[in-house]
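Scroll down for the structure; my scribbles are underneath it.
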Amino acid sequence: MTEVISNKITAKDGATSLKDIDDKRWVWISDPETAFTKAWIKEDLPDKKYVVRYNNSRDEKIVGEDEIDPVNPAKFDRVNDMAELTYLNEPAVTYNLEQRYLSDQIYTYSGLFLVAVNPYCGLPIYTKDIIQLYKDKTQERKLPHVFAIADLAYNNLLENKENQSILVTGESGAGKTENTKRIIQYLAAIASSTTVGSSQVEEQIIKTNPVLESFGNARTVRNNNSSRFGKFIKVEFSLSGEISNAAIEWYLLEKSRVVHQNEFERNYHVFYQLLSGADTALKNKLLLTDNCNDYRYLKDSVHIIDGVDDKEEFKTLLAAFKTLGFDDKENFDLFNILSIILHMGNIDVGADRSGIARLLNPDEIDKLCHLLGVSPELFSQNLVRPRIKAGHEWVISARSQTQVISSIEALAKAIYERNFGWLVKRLNTSLNHSNAQSYFIGILDIAGFEIFEKNSFEQLCINYTNEKLQQFFNHHMFVLEQEEYMKEEIVWDFIDFGHDLQPTIDLIEKANPIGILSCLDEECVMPKATDATFTSKLDALWRNKSLKYKPFKFADQGFILTHYAADVPYSTEGWLEKNTDPLNENVAKLLAQSTNKHVATLFSDYQETETKTVRGRTKKGLFRTVAQRHKEQLNQLMNQFNSTQPHFIRCIVPNEEKKMHTFNRPLVLGQLRCNGVLEGIRITRAGFPNRLPFNDFRVRYEIMAHLPTGTYVESRRASVMILEELKIDEASYRIGVSKIFFKAGVLAELEERRVATLQRLMTMLQTRIRGFLQRKIFQKRLKDIQAIKLLQANLQVYNEFRTFPWAKLFFNLRPLLSSTQNDKQLKKRDAEIIELKYELKKQQNSKSEVERDLVETNNSLTAVENLLTTERAIALDKEEILRRTQERLANIEDSFSETKQQNENLQRESASLKQINNELESELLEKTSKVETLLSEQNELKEKLSLEEKDLLDTKGELESLRENNATVLSEKAEFNEQCKSLQETIVTKDAELDKLTKYISDYKTEIQEMRLTNQKMNEKSIQQEGSLSESLKRVKKLERENSTLISDVSILKQQKEELSVLKGVQELTINNLEEKVNYLEADVKQLPKLKKELESLNDKDQLYQLQATKNKELEAKVKECLNNIKSLTKELENKEEKCQNLSDASLKYIELQEIHENLLLKVSDLENYKKKYEGLQLDLEGLKDVDTNFQELSKKHRDLTFNHESLLRQSASYKEKLSLASSENKDLSNKVSSLTKQVNELSPKASKVPELERKITNLMHEYSQLGKTFEDEKRKALIASRDNEELRSLKSELESKRKLEVEYQKVLEEVKTTRSLRSEVTLLRNKVADHESIRSKLSEVEMKLVDTRKELNSALDSCKKREAEIHRLKEHRPSGKENNIPAVKTTEPVLKNIPQRKTIFDLQQRNANQALYENLKRDYDRLNLEKHNLEKQVNELKGAEVSPQPTGQSLQHVNLAHAIELKALKDQINSEKAKMFSVQVQYEKREQELQKRIASLEKVNKDSLIDVRALRDRIASLEDELRAA
């Protein structure tokens, strides 16, 4: 390491070594406080380690080779370009910037871009002398300065005829705005012209800075003059290099600052400048005071900034307004808006006891409305109790206190933002002076990267913009540069600097997968969406899927995003409101009608939406969120940058305390790392930043070489010959395919040599020209001498000739001859001059017109291009949404087909399992018969066993001992309960269940044979019978416990199924919401083919109705069979109880207990089967009623089949969801089969006896029946859900039809208005032709006809009222009385037929009455459905009250009696409820048919009314013709 450092220090590029000055070897080492510090190597250690001593200290430290960096020689201190440093490392770059900063040299070159450090003080480096200095110097001799970058951009624009851009970037408080001002100052100075108009443009461009700073800048924690908006200033230049125009584009105004400011910050400067600098007259006119504490939006902020006089700044603002051409009215309008905002913040809002808001200070409202130019009453009403549209009606909504306060704040922010936009537009109007073709230099000044204690939506947009700008810088500096090296095929190794910011940008803006802004836009249009739902949705999308995204500790409060500068925590509170930018439309419309023209102009878009209506509807534009608008503006800005040659200025914050001559090394080093400064220096030193095409290089520098003149030399070869002749080092340039690439500084050296060559050549040229001119002067003098001599000779001859008489005559006549010819020539020339002037003027006018047309076409073209880009962006968004929905639809259809196939397989399996179940039931019946034969045999043994009564007492003692052993059995029960809980997690599949049942049947047969053998042995061995009795009692108790546990397990499974059904409903809702979007997009395309499918679905539903009817009858028969079985079971239980009382023998008691146990099991299983069948019967009845109602509604709404297709799609989706759930249940069943078989194998040694096997068989059969029934129930629920969705779609279609009828009704009303206007014309005609009696008679006849039609209409209305009364009577009476009222309803139908066919305009009232009657009938229909639902609910409650008793094992006789009593009561209740249900169903069907007939008749009446309207139009037209004829 010693040799390496010494070599680096002594031999690098021939640099002067530190040893020439100092014998110490100086290095940089890291320091926790100052980032790095100087030290010198005291001793070399083995393993490449060193002992170093700190500078100005005796502290020593052992460091490794990787922990030190060499220090540059002293001659490189405060170097102008950091690319010239010998050792390029982070401490060296930071130290160079620090040394220059402390010596007030705030600008430093960093390769191809400029680094500017904020001095936090004024420096005399922007004067006119400095501007002239940089204007006169060549590029190589220019010291680092912002003027140098501006001059480079200007020269490139003139030489290359290419648009330029200067990106001033950096963190907040780094001095971006100040550097932007200096760039504009320099461009205005060097591009100035002698003409008055051009100088005025330059002055106006400079004066825009104080205006924009006053209205758009504010004090923040890090900057006293922070730009709270982004601006892109385009300075346009003519072809001659003079400033012709300027334009300003603005982005992301922080309008929330108007109403809220953080601690130690303040509002926009203009508020404080107005209160401090305005005179008394203006304040009185604006109703303002001098104190900032009088206004709520200012009193909590910092009022004064050190070193800034708001009063003087206000004078500067007024002077800028005057220079920019603002008149007094425009100035007053701007200040009036500021006063409006201040008064708006002083409105006090309270609430009454009911929570409704009320305004507490009417005086402040009067002031505000006076400034706004609106009525105080209307303003207060629209603010506190606005009118909102609920459906098709306008209602008054009472607002709460918080709603009114937020509405006021939103209005204040909107007014300030709109006023700022108007101000920028007005500035652009003042700066637009020429329409000629030009190039521009764009200067970007936008808010820097921001990290506050609480970062919201505004900070995300600002940081997203800076992320894009930083990516553009990295792409231009590192990627494009090296890509061009590769494209030109020069020798270069690609360097990856690791600055790929695309993952963070994709996380913010990408549409698929959905990013932050797209997710926010989706949540803004979702109903009942909140900030918490947005955050949770975003967390579900990106958690653990992107390294750039991290959740908050509390996930619903925000998230953390990794930017290029740092990790930023964002709080999502209020993001939905900020993105939608809500505004009280009632107040906005009121302001659009304001008497204050400026206020009305700001809200002119609400005035346009009020006037542009079509058929009574407001025509609104496409809704765009704040995120969408910002993303579009940012994309347009980046497109402009990509079409220009960029120049970069990286601004650096030296300290966070805003102190001069204070340099925080860790802070600056972090910014250098983030901004890519070090990488830019490295690529500048290693690469070839300057390049020229071969032809340009030859044209520019061939003057310095001697190329062959006789033959043609190709440009590439000529360029190489020039470089060889100029003796340029080959390592300093590379020859590409079409260009020559140079190291930094080489092209500047060539330029200097070219200038020297030109100077030498120009000197030679000057000498030759001067010699030529002197020779010309000498020759002229010789000619003058010869002319003088000739004149002298001629004068002598003239003197002699003058005395000759004829000569006098000749001299007198000669002028007279030539004057006449001269006059003619002069007149001819004057005429030609006049004609030429006329033609010139004509051509100038035509030229101006062409230029004007060209400007208009260019403006229209730019407008069309902007519109096209926005439309393309919208189309891309819609295409992306459509593509996602199509992909989801395709996936849904695929899964639907799979689940459909699985459902068919399940149905086949369920059929086979049902058959197996029937076989098992038959075998069980055979078993019961065999048991009865055994009982008969055991009755014969009663006499033989009478002698063993004494032994019974001993067995009772054994029973008591068995009770003591019950504790041990309970432990076994706990183990069995745990096993049952494990069985609850999975459900038995149908295929595995078949194998298991067959296995149990075979085991059961063997056990029956063993039971027979044990019964035979029972007579021989009484001692063994006593032991078996004790064992049987244990088993009975154990089985009873197992029965109770299994019943509890069944209840738990039911609860789990209910929870699954709830989850299914939630999933169905989400799927329905997604499918609605797909259906709305495809509804217009698939209308015609859907009609056929809908008709087929109607036929299928009719068939389904018939199948349900037959199934209903079958279920009723099964119910009867179950009741008969219950009766037989109760009789058998009574018989067994008598036998149990007569038993005095242990063996007989064992047999009776076994029989009772079997009967109890059968009874429980029968009860469960009966309940399931009864529930299935109820579901079938409900399904039949739903099918009937749906069938009738669909037949009635046959004209709206297109809307029903969407319900069918939802039905298929829900059915698919059910099938997928069934498939998941199928998988769970298969898992349970495996677990059950495993458990059975484990329990087989314990359950080797007959009772245990019987109990398990019955339990398994019971579970099988439950599973089959649950599967059927799920299918029925799926059908019911599909029908409910279908009903929902039908109701939506009815709503659409009602809306269409309302539209037609509005049309008819318009026609009525036209007829009324015709009547007025008729009255005028009567006055004019009053003498004609025939017209009067005709009019009287028409009036008589109108009276007749009114009478007819009244009679029709009376009939409608009678119908309504009958309908109310139907609702009030019970079902028995409803049948008697049916004929009365039918008798009213001929009344409609008896109405005369002659119709008038008043038939419209009849049509409205019919419509009302139709709605009343619909309400009655819904009420009947509610009654039906209540009856069904009562039946379900009765059913739920039936709780089957559980045997305890202590008193079997009481349990059997209780079961018999409950079964009997249950039987009576079921019969009564069944009778009620059948009667209600019959009455419901009759009543439903009557209502449908009435609805059909009303529809006919509506059709007739439409026909009558058309006839009425024809009659009106005929009357008009008659009147015209008269």
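Glycine too: its Cβ is placed from the backbone N, Cα and C atoms.
These numbers come from a predicted model, not from an experiment.
Annotation comment: Swiss-Prot describes 22-73 as domain 'Myosin N-terminal SH3-like'.
If you look up Swiss-Prot, you'll see 77-755 marked as domain 'Myosin motor'.
Taking Cβ-Cβ distances under 8 Å and a sequence separation of 6 or more, the neighbours of GLY173 (ATP binding site) in its chain are ASN118, THR220, ARG222, ASN223, SER226, GLY448, VAL653, LYS658. What Swiss-Prot lists as ATP binding site is GLY170, GLU171, SER172, GLY173, ALA174, GLY175, LYS176, THR177, and the listing cites sequence analysis.
Here Swiss-Prot flags 634-656 (among others) as region 'Actin-binding'. Sorting each residue of the region 'Actin-binding' (634-656) by its DSSP state yields 9 helix, 8 strand, 6 coil.
Annotated region 'Actin-binding' per Swiss-Prot: 734-748 (among others), in sequence order, evidence recorded as similarity to another entry. Helix, strand and coil content of the region 'Actin-binding' (734-748), in residues and according to DSSP, is 3 helix, 6 strand, 6 coil.
Confidence for the domain 'IQ' (758-787), expressed as mean pLDDT, is 93. Residues annotated as domain 'IQ' in Swiss-Prot: 758-787.
Here Swiss-Prot flags 875-1244 as coiled coil, drawing on sequence analysis.
Here Swiss-Prot flags SER1044 as phosphoserine, drawing on experimental evidence.
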Near GLY170 (ATP binding site), how many other Cβ atoms are within 10 Å of its Cβ?
24
On the DSSP side of things, how many residues of the domain 'IQ' (758-787) fall into helix, strand and coil, could you say?
30 helix, 0 strand, 0 coil
For GLY173 (ATP binding site), what is the secondary structure by DSSP, using just helix, strand and coil?
coil
Counting across all protein chains present, how many other Cβ atoms fall within 10 Å of the Cβ of THR177 (ATP binding site)?
23
Note the Cβ centroid of GLY170, GLU171, SER172, GLY173, ALA174, GLY175, LYS176, THR177, the recorded ATP site, then list each other residue of that chain whose Cβ lies within 8 Å of it, in sequence.
ASN118, ASN223, SER226, GLY448, CYS651, VAL653
Tell me the Cβ contacts of GLU171 (ATP binding site) under 8 Å, same chain only and six or more apart in sequence, or just say none.
ARG222, GLY448, PHE449, GLU450, ALA565, CYS651, VAL653, GLN671
Taking helix as H, G and I and strand as E and B in DSSP, count the residues of the domain 'Myosin N-terminal SH3-like' (22-73) in helix, strand and coil.
3 helix, 31 strand, 18 coil
